[in-house]
Amino acid sequence: MSKEELLDEARKLKDQLSAIEAKEGTFSKEMEDLAVLLPNLTSEHSPRGTEPRLLTTINDHPHDSPARDADSDRLWRSHVHIGSELGLLDFAGAATTSGWGWYYLLDEGAQLEQALIAYALAVVTKHGWMQVSPPSIVYSHITAACGFQPRDTNGEQQIYALAQSPGDAARGKPELSLTATAEIPLAGMKADAMLEASHMPMKRVAASRCYRAEAGARGADTKGLYRVHEFTKVEMFAWTAPNEDDATDVFDEMLDIQTEILQSLDLHCRVLEMPTADLGASAARKCDIEAFFPSRVAIDQGFGEVTSASICTDYQARRLSTRVRRAEDGKMAYPYTVNGTALAVPRVLAAILENGWDEATKTVTIPAVLRQWMDGKEKLGLKRSDE
(Lines of atoms letter the chains of each structure in order from A and count residues from 1; the text may use other names and numbers.)
(Lines give C-alpha, C1' and ligand atoms only; values in the text may rest on other atoms or scores of the structure.)
Protein backbone atom coordinates (compact mmCIF):
# COMPACT_ATOMS: atom_id res chain seq x y z
CA MET A 1 0.00 0.00 0.00
CA SER A 2 1.10 3.51 -0.75
CA LYS A 3 1.68 6.09 1.93
CA GLU A 4 -1.51 7.89 0.93
CA GLU A 5 -3.52 4.68 1.16
CA LEU A 6 -2.10 3.93 4.59
CA LEU A 7 -3.01 7.42 5.83
CA ASP A 8 -6.52 7.04 4.43
CA GLU A 9 -6.89 3.68 6.18
CA ALA A 10 -5.65 5.22 9.43
CA ARG A 11 -8.26 7.98 9.18
CA LYS A 12 -11.01 5.39 8.70
CA LEU A 13 -9.78 3.42 11.70
CA LYS A 14 -9.69 6.60 13.76
CA ASP A 15 -13.32 7.37 12.87
CA GLN A 16 -14.33 3.80 13.69
CA LEU A 17 -12.46 3.96 16.99
CA SER A 18 -14.19 7.23 17.90
CA ALA A 19 -17.59 5.63 17.28
CA ILE A 20 -16.62 2.58 19.35
CA GLU A 21 -15.35 4.78 22.20
CA ALA A 22 -18.61 6.75 22.16
CA LYS A 23 -20.60 3.52 22.45
CA GLU A 24 -18.26 2.31 25.19
CA GLY A 25 -18.87 5.52 27.13
CA THR A 26 -22.63 5.11 26.77
CA PHE A 27 -22.52 1.46 27.87
CA SER A 28 -20.21 2.26 30.79
CA LYS A 29 -22.59 4.99 31.97
CA GLU A 30 -25.56 2.61 31.72
CA MET A 31 -23.65 -0.05 33.68
CA GLU A 32 -22.72 2.47 36.39
CA ASP A 33 -26.32 3.71 36.63
CA LEU A 34 -27.56 0.14 37.03
CA ALA A 35 -24.84 -0.71 39.55
CA VAL A 36 -25.75 2.33 41.65
CA LEU A 37 -29.27 0.94 42.01
CA LEU A 38 -28.02 -2.31 43.54
CA PRO A 39 -28.81 -2.40 47.29
CA ASN A 40 -26.66 -3.81 50.05
CA LEU A 41 -26.90 -7.45 51.08
CA THR A 42 -29.26 -8.04 53.99
CA SER A 43 -28.45 -9.22 57.50
CA GLU A 44 -29.64 -12.53 58.88
CA HIS A 45 -31.25 -10.48 61.69
CA SER A 46 -33.63 -8.77 59.24
CA PRO A 47 -37.02 -10.52 58.90
CA ARG A 48 -37.68 -11.62 55.33
CA GLY A 49 -40.69 -10.00 53.70
CA THR A 50 -42.75 -7.01 54.78
CA GLU A 51 -43.52 -7.54 58.49
CA PRO A 52 -41.24 -6.08 61.19
CA ARG A 53 -40.45 -7.99 64.39
CA LEU A 54 -41.28 -6.38 67.74
CA LEU A 55 -38.19 -6.37 69.98
CA THR A 56 -39.37 -4.43 73.04
CA THR A 57 -41.38 -1.43 74.23
CA ILE A 58 -40.41 1.77 76.04
CA ASN A 59 -42.60 3.26 78.82
CA ASP A 60 -46.25 2.38 79.48
CA HIS A 61 -48.92 2.96 76.87
CA PRO A 62 -50.91 6.13 77.79
CA HIS A 63 -54.19 4.20 77.56
CA ASP A 64 -52.86 1.61 80.04
CA SER A 65 -51.28 4.03 82.49
CA PRO A 66 -52.85 4.14 86.00
CA ALA A 67 -52.64 7.93 85.84
CA ARG A 68 -55.16 7.88 83.00
CA ASP A 69 -57.77 5.66 84.71
CA ALA A 70 -59.65 8.58 86.19
CA ASP A 71 -59.55 10.37 82.87
CA SER A 72 -61.21 7.79 80.66
CA ASP A 73 -63.04 10.49 78.71
CA ARG A 74 -59.73 12.16 77.91
CA LEU A 75 -59.82 14.09 74.65
CA TRP A 76 -56.85 13.31 72.44
CA ARG A 77 -55.90 16.17 70.15
CA SER A 78 -53.63 16.48 67.15
CA HIS A 79 -50.41 18.41 67.65
CA VAL A 80 -51.63 20.67 64.84
CA HIS A 81 -54.61 21.79 66.96
CA ILE A 82 -52.59 21.95 70.17
CA GLY A 83 -49.72 23.88 68.61
CA SER A 84 -52.05 26.33 66.91
CA GLU A 85 -54.15 26.90 70.05
CA LEU A 86 -51.08 27.51 72.20
CA GLY A 87 -49.42 29.73 69.60
CA LEU A 88 -46.53 27.33 69.00
CA LEU A 89 -47.07 26.42 65.33
CA ASP A 90 -47.94 28.39 62.21
CA PHE A 91 -48.68 26.32 59.12
CA ALA A 92 -50.72 28.98 57.30
CA GLY A 93 -47.90 31.52 57.26
CA ALA A 94 -45.44 28.89 56.09
CA ALA A 95 -47.81 27.81 53.31
CA THR A 96 -47.92 31.41 52.08
CA THR A 97 -44.15 31.81 52.35
CA SER A 98 -42.85 28.42 51.21
CA GLY A 99 -45.75 26.14 50.29
CA TRP A 100 -47.11 22.90 51.70
CA GLY A 101 -44.77 20.87 53.90
CA TRP A 102 -43.14 23.77 55.74
CA TYR A 103 -43.96 25.31 59.10
CA TYR A 104 -43.01 27.98 61.62
CA LEU A 105 -42.18 27.12 65.22
CA LEU A 106 -43.15 30.07 67.39
CA ASP A 107 -42.17 31.30 70.84
CA GLU A 108 -42.02 28.31 73.21
CA GLY A 109 -42.30 25.99 70.20
CA ALA A 110 -39.00 27.34 68.87
CA GLN A 111 -37.55 27.18 72.37
CA LEU A 112 -38.66 23.56 72.68
CA GLU A 113 -36.84 22.73 69.44
CA GLN A 114 -33.60 24.13 70.83
CA ALA A 115 -34.15 22.29 74.11
CA LEU A 116 -34.57 18.98 72.29
CA ILE A 117 -31.39 19.57 70.26
CA ALA A 118 -29.36 20.55 73.32
CA TYR A 119 -30.63 17.59 75.32
CA ALA A 120 -29.99 15.03 72.58
CA LEU A 121 -26.45 16.33 72.02
CA ALA A 122 -25.80 16.28 75.77
CA VAL A 123 -26.86 12.64 76.03
CA VAL A 124 -24.89 11.47 73.00
CA THR A 125 -21.68 13.34 73.85
CA LYS A 126 -21.93 11.98 77.40
CA HIS A 127 -21.38 8.57 75.82
CA GLY A 128 -18.16 9.69 74.12
CA TRP A 129 -19.33 10.83 70.69
CA MET A 130 -17.56 13.79 69.08
CA GLN A 131 -19.74 16.71 67.95
CA VAL A 132 -19.51 17.95 64.36
CA SER A 133 -21.17 20.93 62.69
CA PRO A 134 -21.49 19.73 59.06
CA PRO A 135 -22.33 21.53 55.80
CA SER A 136 -25.89 21.32 54.47
CA ILE A 137 -24.78 21.39 50.83
CA VAL A 138 -22.71 18.53 49.41
CA TYR A 139 -21.65 17.20 46.03
CA SER A 140 -24.41 15.09 44.49
CA HIS A 141 -22.01 12.20 43.92
CA ILE A 142 -21.39 12.06 47.69
CA THR A 143 -25.15 11.86 48.24
CA ALA A 144 -25.45 9.05 45.69
CA ALA A 145 -22.49 7.16 47.16
CA CYS A 146 -24.28 7.10 50.52
CA GLY A 147 -27.25 5.36 48.89
CA PHE A 148 -29.57 8.34 48.40
CA GLN A 149 -30.93 8.64 44.87
CA PRO A 150 -32.38 11.81 43.29
CA ARG A 151 -35.63 9.93 42.59
CA ASP A 152 -37.25 6.81 44.00
CA THR A 153 -38.46 3.81 42.02
CA ASN A 154 -41.79 5.59 41.38
CA GLY A 155 -40.04 8.62 39.91
CA GLU A 156 -40.80 10.82 42.94
CA GLN A 157 -38.12 13.42 43.68
CA GLN A 158 -36.18 12.55 46.84
CA ILE A 159 -33.26 14.98 46.96
CA TYR A 160 -33.19 18.73 46.39
CA ALA A 161 -30.58 19.41 43.69
CA LEU A 162 -29.19 22.93 43.36
CA ALA A 163 -29.52 24.53 39.95
CA GLN A 164 -26.19 24.66 38.13
CA SER A 165 -25.17 27.56 35.93
CA PRO A 166 -24.32 26.80 32.27
CA GLY A 167 -20.77 27.96 32.95
CA ASP A 168 -20.26 25.54 35.83
CA ALA A 169 -21.77 22.72 33.78
CA ALA A 170 -19.48 23.49 30.83
CA ARG A 171 -16.44 23.45 33.13
CA GLY A 172 -17.50 20.05 34.47
CA LYS A 173 -18.03 21.32 38.01
CA PRO A 174 -19.81 18.67 40.15
CA GLU A 175 -23.48 19.21 40.90
CA LEU A 176 -24.58 20.06 44.44
CA SER A 177 -27.48 18.86 46.60
CA LEU A 178 -29.09 19.79 49.91
CA THR A 179 -28.49 17.13 52.54
CA ALA A 180 -31.39 14.87 53.52
CA THR A 181 -29.59 13.90 56.73
CA ALA A 182 -26.27 14.65 58.45
CA GLU A 183 -25.34 11.04 57.67
CA ILE A 184 -24.34 12.23 54.18
CA PRO A 185 -21.79 14.96 55.06
CA LEU A 186 -20.50 12.89 57.99
CA ALA A 187 -19.82 9.94 55.69
CA GLY A 188 -18.29 12.32 53.16
CA MET A 189 -15.78 13.61 55.72
CA LYS A 190 -13.65 10.54 55.11
CA ALA A 191 -14.20 10.04 51.38
CA ASP A 192 -10.91 9.09 49.68
CA ALA A 193 -9.31 8.85 53.13
CA MET A 194 -7.21 6.22 54.87
CA LEU A 195 -8.25 5.51 58.48
CA GLU A 196 -6.17 3.82 61.15
CA ALA A 197 -7.50 0.69 62.83
CA SER A 198 -6.38 2.03 66.20
CA HIS A 199 -8.90 4.87 65.82
CA MET A 200 -11.87 2.50 65.38
CA PRO A 201 -14.67 2.98 66.14
CA MET A 202 -14.80 6.65 65.11
CA LYS A 203 -18.07 8.03 66.50
CA ARG A 204 -19.55 11.38 65.47
CA VAL A 205 -22.79 13.24 66.22
CA ALA A 206 -24.20 16.27 64.43
CA ALA A 207 -27.25 18.51 64.64
CA SER A 208 -28.23 19.78 61.21
CA ARG A 209 -31.05 20.97 59.02
CA CYS A 210 -32.38 18.23 56.76
CA TYR A 211 -34.18 18.62 53.44
CA ARG A 212 -36.58 16.02 52.03
CA ALA A 213 -38.28 16.57 48.69
CA GLU A 214 -40.68 13.66 49.15
CA ALA A 215 -42.61 15.08 52.13
CA GLY A 216 -45.99 14.92 50.41
CA ALA A 217 -45.60 11.51 48.83
CA ARG A 218 -47.60 9.50 51.36
CA GLY A 219 -51.02 11.14 51.55
CA ALA A 220 -52.91 11.18 54.84
CA ASP A 221 -49.75 10.06 56.65
CA THR A 222 -48.23 13.51 56.18
CA LYS A 223 -50.36 15.94 58.20
CA GLY A 224 -48.74 18.53 60.44
CA LEU A 225 -45.15 17.96 61.52
CA TYR A 226 -45.06 14.24 60.78
CA ARG A 227 -43.60 14.52 57.28
CA VAL A 228 -42.11 17.86 56.23
CA HIS A 229 -39.62 19.22 53.71
CA GLU A 230 -37.20 20.82 56.19
CA PHE A 231 -36.39 19.97 59.80
CA THR A 232 -33.65 19.69 62.39
CA LYS A 233 -32.24 16.31 63.33
CA VAL A 234 -29.47 15.08 65.61
CA GLU A 235 -27.69 12.22 63.85
CA MET A 236 -25.11 9.68 65.02
CA PHE A 237 -22.60 8.22 62.56
CA ALA A 238 -19.66 5.85 63.05
CA TRP A 239 -16.93 4.02 61.18
CA THR A 240 -16.02 0.64 62.66
CA ALA A 241 -13.60 -2.17 61.94
CA PRO A 242 -14.81 -4.19 58.93
CA ASN A 243 -16.61 -6.95 60.78
CA GLU A 244 -20.14 -7.61 62.00
CA ASP A 245 -19.26 -7.84 65.70
CA ASP A 246 -17.72 -4.36 65.91
CA ALA A 247 -20.49 -2.80 63.84
CA THR A 248 -23.15 -4.50 65.99
CA ASP A 249 -21.54 -3.17 69.18
CA VAL A 250 -21.91 0.40 67.91
CA PHE A 251 -25.39 -0.35 66.55
CA ASP A 252 -26.49 -1.61 69.98
CA GLU A 253 -24.97 1.48 71.61
CA MET A 254 -27.02 3.67 69.27
CA LEU A 255 -30.21 1.81 70.21
CA ASP A 256 -29.39 2.23 73.90
CA ILE A 257 -28.88 5.98 73.42
CA GLN A 258 -32.12 6.30 71.46
CA THR A 259 -33.97 4.39 74.18
CA GLU A 260 -32.45 6.57 76.91
CA ILE A 261 -33.58 9.75 75.16
CA LEU A 262 -37.13 8.62 74.35
CA GLN A 263 -37.65 7.00 77.75
CA SER A 264 -36.64 10.20 79.54
CA LEU A 265 -39.07 12.19 77.36
CA ASP A 266 -41.92 10.03 78.74
CA LEU A 267 -42.94 8.73 75.32
CA HIS A 268 -44.43 5.28 74.84
CA CYS A 269 -42.54 3.58 72.01
CA ARG A 270 -41.98 0.22 70.38
CA VAL A 271 -38.65 -1.01 69.02
CA LEU A 272 -38.85 -2.91 65.74
CA GLU A 273 -36.42 -5.03 63.75
CA MET A 274 -37.27 -3.89 60.23
CA PRO A 275 -37.96 -6.38 57.43
CA THR A 276 -35.99 -6.63 54.22
CA ALA A 277 -38.74 -4.83 52.28
CA ASP A 278 -38.22 -1.70 54.39
CA LEU A 279 -34.43 -1.51 54.19
CA GLY A 280 -32.97 1.38 52.23
CA ALA A 281 -30.33 0.77 49.58
CA SER A 282 -27.41 1.12 51.97
CA ALA A 283 -28.72 -0.75 55.03
CA ALA A 284 -28.02 -4.40 55.73
CA ARG A 285 -29.88 -4.19 59.03
CA LYS A 286 -32.21 -1.55 60.45
CA CYS A 287 -34.15 -1.01 63.66
CA ASP A 288 -36.85 1.63 63.99
CA ILE A 289 -38.30 3.08 67.17
CA GLU A 290 -41.88 4.22 66.80
CA ALA A 291 -43.62 6.53 69.27
CA PHE A 292 -47.32 6.58 70.08
CA PHE A 293 -49.18 9.54 68.54
CA PRO A 294 -52.78 9.78 69.83
CA SER A 295 -53.87 11.59 66.67
CA ARG A 296 -52.69 8.66 64.52
CA VAL A 297 -54.72 5.89 66.17
CA ALA A 298 -56.36 5.14 62.82
CA ILE A 299 -52.91 4.60 61.26
CA ASP A 300 -50.89 1.63 62.47
CA GLN A 301 -52.38 1.74 66.00
CA GLY A 302 -51.12 5.27 66.49
CA PHE A 303 -47.43 4.50 66.11
CA GLY A 304 -45.06 6.48 63.93
CA GLU A 305 -41.30 6.30 63.40
CA VAL A 306 -39.20 8.74 65.42
CA THR A 307 -35.73 7.17 65.18
CA SER A 308 -33.90 4.52 63.20
CA ALA A 309 -30.48 2.89 63.28
CA SER A 310 -28.77 1.07 60.42
CA ILE A 311 -25.70 -1.06 59.79
CA CYS A 312 -24.45 -0.38 56.25
CA THR A 313 -21.49 -2.81 56.30
CA ASP A 314 -18.93 -1.56 53.72
CA TYR A 315 -21.57 -0.37 51.21
CA GLN A 316 -20.93 3.35 51.74
CA ALA A 317 -17.20 3.06 52.42
CA ARG A 318 -16.55 1.27 49.11
CA ARG A 319 -18.46 3.84 47.12
CA LEU A 320 -16.74 6.70 48.94
CA SER A 321 -13.31 5.03 48.79
CA THR A 322 -12.93 5.22 52.56
CA ARG A 323 -10.33 2.67 53.62
CA VAL A 324 -8.77 1.40 56.82
CA ARG A 325 -5.39 -0.20 57.40
CA ARG A 326 -6.04 -3.47 59.22
CA ALA A 327 -4.14 -3.85 62.47
CA GLU A 328 -3.47 -7.58 62.07
CA ASP A 329 -1.68 -7.48 58.71
CA GLY A 330 -1.46 -3.86 57.56
CA LYS A 331 -3.58 -4.59 54.48
CA MET A 332 -6.23 -2.21 53.20
CA ALA A 333 -9.93 -2.87 53.81
CA TYR A 334 -13.18 -0.93 53.78
CA PRO A 335 -14.56 0.02 57.21
CA TYR A 336 -18.19 -0.60 58.12
CA THR A 337 -20.47 2.39 58.68
CA VAL A 338 -23.33 2.64 61.16
CA ASN A 339 -25.83 5.48 61.46
CA GLY A 340 -28.72 6.32 63.75
CA THR A 341 -31.09 9.14 64.62
CA ALA A 342 -30.57 10.54 68.09
CA LEU A 343 -33.59 12.82 67.74
CA ALA A 344 -35.68 14.18 64.86
CA VAL A 345 -37.20 17.38 66.20
CA PRO A 346 -40.60 17.71 64.45
CA ARG A 347 -41.90 14.22 65.21
CA VAL A 348 -40.65 14.16 68.79
CA LEU A 349 -42.02 17.66 69.37
CA ALA A 350 -45.38 16.53 67.96
CA ALA A 351 -45.40 13.45 70.20
CA ILE A 352 -44.63 15.58 73.28
CA LEU A 353 -47.50 17.96 72.47
CA GLU A 354 -50.01 15.15 71.94
CA ASN A 355 -49.00 12.92 74.84
CA GLY A 356 -48.47 15.78 77.27
CA TRP A 357 -51.76 17.55 76.49
CA ASP A 358 -54.29 18.13 79.29
CA GLU A 359 -57.68 19.13 77.90
CA ALA A 360 -59.00 20.36 81.25
CA THR A 361 -56.24 22.90 81.79
CA LYS A 362 -55.36 23.44 78.11
CA THR A 363 -51.68 22.81 78.91
CA VAL A 364 -48.85 20.54 77.78
CA THR A 365 -46.49 19.06 80.36
CA ILE A 366 -42.84 19.65 79.45
CA PRO A 367 -40.66 16.57 80.08
CA ALA A 368 -38.53 17.17 83.17
CA VAL A 369 -35.24 16.62 81.32
CA LEU A 370 -35.96 19.58 79.02
CA ARG A 371 -36.93 22.15 81.64
CA GLN A 372 -33.42 23.50 82.20
CA TRP A 373 -33.54 24.76 78.59
CA MET A 374 -37.13 26.02 78.97
CA ASP A 375 -36.43 28.60 81.70
CA GLY A 376 -37.59 26.10 84.31
CA LYS A 377 -41.16 26.01 83.00
CA GLU A 378 -43.15 22.84 83.68
CA LYS A 379 -46.11 23.56 81.39
CA LEU A 380 -46.90 25.14 78.05
CA GLY A 381 -50.23 26.95 78.22
CA LEU A 382 -52.52 29.46 76.59
CA LYS A 383 -51.13 32.94 76.13
CA ARG A 384 -52.72 35.91 77.81
CA SER A 385 -54.72 38.17 75.52
CA ASP A 386 -52.15 40.96 75.93
CA GLU A 387 -49.24 38.74 74.79
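Positions of Cβ are set from backbone N, Cα and C atoms, glycine also.
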Checklist entry - The L-serine site in TrEMBL includes Thr181, Glu235, Asn339. Which of Arg212, Arg318, Arg319, Arg323 is also listed there? => result Arg212
Next on the checklist: So if I measure Cβ to Cβ from Val306 (ATP binding site) and keep only same-chain residues at least 6 apart in sequence, which ones fall under 8 Å?
Outcome noted: Leu262, Leu267, Cys269, Ile289, Glu290, Ala291, Thr341, Leu343, Ala344, Arg347, Val348, Ala351
Checklist entry - Roughly where does the domain 'Aminoacyl-transfer RNA synthetases class-II family profile' (109-367) sit in mean pLDDT, to the nearest integer? => result 92
Checklist entry - Given that the record lists Thr181, Arg212, Glu235, Asn339 as binding L-serine, what is the largest C-alpha to C-alpha distance among them, in Å? => result 18
Item to check | Listed binding-site residues among Glu214, His229, Phe231, Ser308 whose Cα sits within 10 Å of Asn339 (L-serine binding site) | outcome: Ser308
